[in-house]
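Scroll down for the structure; my scribbles are underneath it.
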Amino acid sequence: MVDTESPLCPLSPLEAGDLESPLSEEFLQEMGNIQEISQSIGEDSSGSFGFTEYQYLGSCPGSDGSVITDTLSPASSPSSVTYPVVPGSVDESPSGALNIECRICGDKASGYHYGVHACEGCKGFFRRTIRLKLVYDKCDRSCKIQKKNRNKCQYCRFHKCLSVGMSHNAIRFGRMPRSEKAKLKAEILTCEHDIEDSETADLKSLAKRIYEAYLKNFNMNKVKARVILSGKASNNPPFVIHDMETLCMAEKTLVAKLVANGIQNKEAEVRIFHCCQCTSVETVTELTEFAKAIPGFANLDLNDQVTLLKYGVYEAIFAMLSSVMNKDGMLVAYGNGFITREFLKSLRKPFCDIMEPKFDFAMKFNALELDDSDISLFVAAIICCGDRPGLLNVGHIEKMQEGIVHVLRLHLQSNHPDDIFLFPKLLQKMADLRQLVTEHAQLVQIIKKTESDAALHPLLQEIYRDMY
């Protein structure tokens, strides 16, 4: 009977080739960078919305040709006005006031002057123009009025004042009318909700696309594996391989094609090693198709695509391999077979050392109780890792990774609300996977040098060529 205590997903072990020492001492620092990225993403996502583009609906007649102003007008508001804030209200901010830009130049508004929010500079400019009845030289260029250039074209600046609704008849001595304040609150809430809804929709869309690509491209996933290991599958249970006799039986039925062409005449350890490589090559192909479906990946420079896959496939494979493992063994041959952990440990050295570290990692990884939607985002984050050596467009790839890590974090919060430390635990698992790949590659290096019959598959050799 197959024990089913742990979670499962697809794939089988992977063999490595030419490699010296995969991970550098800089790795922990690199993982720190990932954590900083995720923290900054979290801060951005939970921060308040800075309202910078609000405009009132209002008009005031301008003029054609030279501008002749209305007759006198009293002074406007005090230089600075702070609006009282009700705790919990929409305009509550660290400064205790609504943070609004000047309607004319975009500088920070000091208050509600002449019927609109304006800065001290534009308030004073409008007041002087009105009081002194200034006439400015006509300008037909419709100059854009900004903080840095607002003094260059007084004609266009005054027209901007009028167009946004400034009027000497609308003086409120810096206080915002109650109706305007209510209107502003409603506008801010609407904008915030619209932006939140839009961002949430984008994040959900990204998560959905990655999850669908995961289900589409991998032959085995955790749900399928759990059903098989629990004995709930409608078809026949997996054939258990626990000794040399059952191994030979499985080779004649489950993996007959893999042990053809002379492989069947080699010793059992070499045959198992060969089957592991064949499964790994198939998984590399699946991972390549999955990566192409990650939004933005296919648009990367081809060299960067190759580099990301070259450095990421083994980490991704060992993460997904956990899903077909439990404490007693692992599924093989598309779930049709189950090879026991004890049998793998009984193989002669160095082959007996290949799978045991993967079981140790899998038990800890499976304890996180991730589902396929979690794993799909985790694998995508592994592939789109901006610290891989030799990348050409590092900035763009880091931005991709930030987006995926952000989605992963939010998805975990939603999918596992009771485990607030799950996200940092997964970041640590990224570090553990790099170490696992390092140790695996070193072991395969030993096998390559000492076992003449255990040849490496050409694709796997290419993956490890000049990797570190």
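Note that Cβ sites are derived from N, Cα and C of the backbone, with glycine treated the same way.
Per-residue confidence over the DNA-binding region (99-173) averages 87 (mean pLDDT, predicted model). Residues or ranges marked as DNA-binding region by Swiss-Prot on the basis of sequence analysis: 99-173.
Positions annotated as indeglitazar binding site by Swiss-Prot: S280, Y314, Y464. DSSP classifies Y314 (indeglitazar binding site) as helix under the three-state reduction.
Per Swiss-Prot, the feature domain 'NR LBD' maps to 239-466.
The region 'Required for heterodimerization with RXRA' (304-433): residue composition by secondary structure is 89 helix, 10 strand, 31 coil, according to DSSP. What Swiss-Prot records for 304-433 is region 'Required for heterodimerization with RXRA'.
The feature site 'Essential for heterodimerization with RXRA' is assigned by Swiss-Prot to L433.
What Swiss-Prot lists as zinc finger is 102-122 (among others), and the listing cites sequence analysis. Counting residues per DSSP class in helix, strand and coil order gives 3 helix, 7 strand, 11 coil for the zinc finger (102-122).
The feature zinc finger is assigned by Swiss-Prot to 139-161 (among others).
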Study note, to complete from the structure: Spacing of the two Cα atoms, S280 (indeglitazar binding site) and L433 (site 'Essential for heterodimerization with RXRA'), in whole angstrom, works out to 16
Revision key, fill the gap. Grouping DSSP H, G, I as helix and E, B as strand, the residues of the DNA-binding region (99-173) number 26 helix, 8 strand, 41 coil
Check your understanding: How long is the line from the C-alpha of Y314 (indeglitazar binding site) to the C-alpha of L433 (site 'Essential for heterodimerization with RXRA'), rounded to the nearest angstrom?
Key -> 9
Practice item. Work out how many Å separate Y464 (indeglitazar binding site) and L433 (site 'Essential for heterodimerization with RXRA') at their Cα atoms, rounded off. Key: 16
Review point. When a 10 Å sphere is centred on the Cβ of Y464 (indeglitazar binding site), how many other Cβ atoms does it contain?
Key: 23
